[in-house]
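Trainee: According to Swiss-Prot, the feature pheophytin a binding site maps to 126. Per Swiss-Prot, [CaMn4O5] cluster binding site is recorded for 170, 189, 332, 333, 342, 344. The feature chlorophyll a PD1 binding site is assigned by Swiss-Prot to 198, with sequence analysis given as support. According to Swiss-Prot, the feature quinone binding site maps to 215, 264, 265. For 215, 272, the entry in Swiss-Prot reads Fe cation binding site. Annotated site 'Tyrosine radical intermediate' per Swiss-Prot: 161, in sequence order. Residues or ranges marked as site 'Stabilizes free radical intermediate' by Swiss-Prot: 190. Here Swiss-Prot flags 29-46, 118-133, 142-156, 197-218, 274-288 as transmembrane segment.
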């Protein structure tokens, strides 16, 4: 009997690192996208927490009137925010080493730019990591495609909109009330409620919520009972079981009789594709709408579009919205300008002396 012994070459450190990074046996999959995702998201999260607690006021409008956003400077969880980078910086890349001092960097809102850029890179890598793990497991790529909707929305409000408006100071503040302020000002300046892409986004979000609730309630109402009346119906399911856990025929029949026959899906796969696609496509359109309004391609303007035979204006709902827009525009950045541009009929008089 002859034994053949084969010497196994020791794998290099780099090879072992590559195998570990791409292994699907790890408790949490890392992947090559994860190599970039982990440090960028850790950086964004750490700076956000520190700045939300202790960042000094920021000169957001570039007029030497700083705005406080952190907890230690008088805010609470609702009013607090990471104040956007100053209008004095505009779209300039503003890392710490570009400022004369850390105090100057903080005064000009440097943390906002740092957080936003690291966050966008991190969530983009998270999307790539979803695709990478799906690829390694032999799955289809639709999880990453669905996640592209919130990535597109975040990119639109944090990057595309500031680029279109010419300054990171126009980006969305990182806080609860700051988000509401961004929405109000956006409506005042771009009439987003009258933009068709925003309407599609609203249909996507609310429609997705409705369809999700309908699907969940139908499934829960048509479970195949495997337990007694004294036990929870949930105890009748075992992870990985081959048999169906609910009766799709019963659910289909119920919904078909509740609405009409063809309103109900008879194919579970097409149903779940629809549940995923509806909100994703809606949010894609919203992100596209934000990106177009960033360059001032705004919502529809039907102001004073209805007149009587004498030429007098008959107010419509569009005129009410326009009046609200003007009021909101007057109120925001009230120290940065004396009069909103929409209300200025003539050029400002020259001042001599």
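Cβ coordinates come from backbone N, Cα and C, glycine included.
What you see is a predicted model, and the numbers here were worked out from it, not measured in a lab.
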Trainee: Which stretch, 29-46, 118-133, 274-288, tops the Cβ pairs under 8 Å count with the transmembrane segment (142-156)?
Mentor: 274-288
Trainee: Count the Cβ atoms, other than its own, that fall within 10 Å of the Cβ of the residue listed as 'pheophytin a binding site', considering every protein chain shown.
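Mentor: By my count, 19.
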Trainee: Specify all same-chain residues, apart from the site residues 215, 264, 265, whose Cβ lies within 8 angstroms of the center of the Cβ atoms of the quinone site, ordered by sequence.
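Mentor: Residues close to the quinone site, other than 215, 264, 265: 214, 218, 251, 252, 255, 271.
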Trainee: Which residues does residue 161 (site 'Tyrosine radical intermediate') neighbour through Cβ under 8 Å, counting only same-chain ones at least six apart?
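Mentor: Non-local contacts for residue 161 (site 'Tyrosine radical intermediate'): 170, 171, 172, 290, 291, 293, 294.
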Trainee: Using Cα coordinates, what distance in whole Å links residue 190 (site 'Stabilizes free radical intermediate') and residue 272 (Fe cation binding site)?
Mentor: 35
Trainee: If H, G and I count as helix, E and B as strand, and all else as coil, what does DSSP give for residue 265 (quinone binding site)?
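Mentor: Residue 265 (quinone binding site) sits in coil per DSSP, no helix or strand.
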Trainee: Is it possible to get the count of other C-beta atoms within 10 angstroms of the C-beta of residue 170 ([CaMn4O5] cluster binding site)?
Mentor: 22
Trainee: In whole Å, how far does the CA atom of residue 189 ([CaMn4O5] cluster binding site) lie from that of residue 198 (chlorophyll a PD1 binding site)?
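Mentor: Rounded to a whole number, the Cα-Cα distance is 15 Å.
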Trainee: Just give me the nearest neighbour of residue 215 (quinone binding site) among the binding-site residues 126, 198, 272, 332, Cα to Cα.
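Mentor: So, of the listed binding-site residues, the one sitting closest to residue 215 (quinone binding site) is 272.
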